[in-house]
């Protein structure tokens, strides 16, 4: 039996098919599948998105909410469990709003992700290819997201860039 | 004689050379070439852009305006006609401003595009790789464009991502 | 000895690892290495970024400031000097703020870049993959940056798109 303990990092723009592709890849392994949701519903638009995503997932999925303690949620998983983390940019948003020490959080997360114990799929957004944002918070977020994406991509076994629903292999 | 009935989808950011590359590809087939323009001139900046694009196209091109009924314009084409659709994101903008049912429009368009009757080239914008926009309309547009791009990429024979004027093959 | 006179163009979003990758590539040649900085410190945020970047570079680098006369700075380099230009989009910003003739500046720069006299690495930002910006100046900048990137990519020997710190070969 091949070693299925690998980290796949899936990055792309909004509505580029990241989550759907990650689901397709995760479900090539037998269930049960773990879906680690980092979204926190701050408003109705967000609540709607979360409910829609949840209703679109097929049976066999268990949802684990981890808006902040993503490392802990990953550590609590059994071995060989296929998992989809959706997504890193929302997790980052939650930590920025809580004014946590990002470097510390990145390190904790990278420690866990560098030793995947199953077929792990992590989704994140590319947010840095537009015009420099007007406001300082958006620029800070953009920088922080870029740094986070680089760190995870560096330790991932496979990195895919999603373009219009199609994966482009980067690593 | 090879089957030249194929759909090529060309996606990229602003000023990434999408239209120019699509023109280069379309004109490898003999003229006459059809240029289906979806732009609607709402203001002077737009009128200027349209006029500039039109003046830059070489002879042999026929321009067809189809700000809304793109499916109808494609259906009216003769067989084996090379065609450039420029572009899907402006067509989407026009339908959103007219408050049309997007799912219905997407289905009509996908029906026609899934059966190309010549070398068809469709251009669209990647708009989802920046920071989440402040206003709700821009977010709705970004989501709608992403969904549209995914649908067209799924039925296209070839998908190219333009980067600084150069094509990167995605499919 | 192989011909090391080549132009490598490295494009990517904010915090995509462009400069770090360019540094890695440049330092495969023996020092001294030239770092041509185009940044002009208009405010504290910028000053901080510049100081941070400078402190992160290892020894063996000479920094040359060229906020406007980039072509001149390149012409003044000795033959076979590894050089990193960081970055084209800031250079463009400076010329737009000074209301210079961009076409003229592009031509001067392209003339010099088309005849590299060493391993030259030029970094630029992809800024066109977000939503159309609200304000006209940002749209003008986005168009100008896209045109500039196309021109440099066209004459480059190698073009790399940075995604989360990893290079994707475009040319």
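Glycine too: its Cβ is placed from the backbone N, Cα and C atoms.
For the recorded site, residue B:53 (active site, GMP-histidine intermediate), the DSSP three-state label reads helix. Annotated active site, GMP-histidine intermediate per TrEMBL: B:53, in sequence order.
Residues or ranges marked as GTP binding site in TrEMBL: B:12-19, B:37-39, B:54-57, B:86. Take the CB of residue B:55 (GTP binding site) and look out to 10 A: across all protein chains shown you find 7 other CB atoms.
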Please list, in sequence order, the residues in the chain of residue B:12 (GTP binding site) that are at least six apart in sequence and whose C-beta is under 8 Å away from its C-beta.
B:18, B:125, B:126, B:161, B:162, B:163
Subset of binding-site residues B:14, B:16, B:39, B:55 within reach of chain C (CB-CB under 8 A):
B:14, B:16
For residue B:14 (GTP binding site) and residue B:53 (active site, GMP-histidine intermediate), what Cα-Cα distance in Å is obtained after rounding to a whole number?
14
How many whole Å apart are the CA atoms of residue B:37 (GTP binding site) and residue B:53 (active site, GMP-histidine intermediate)?
10
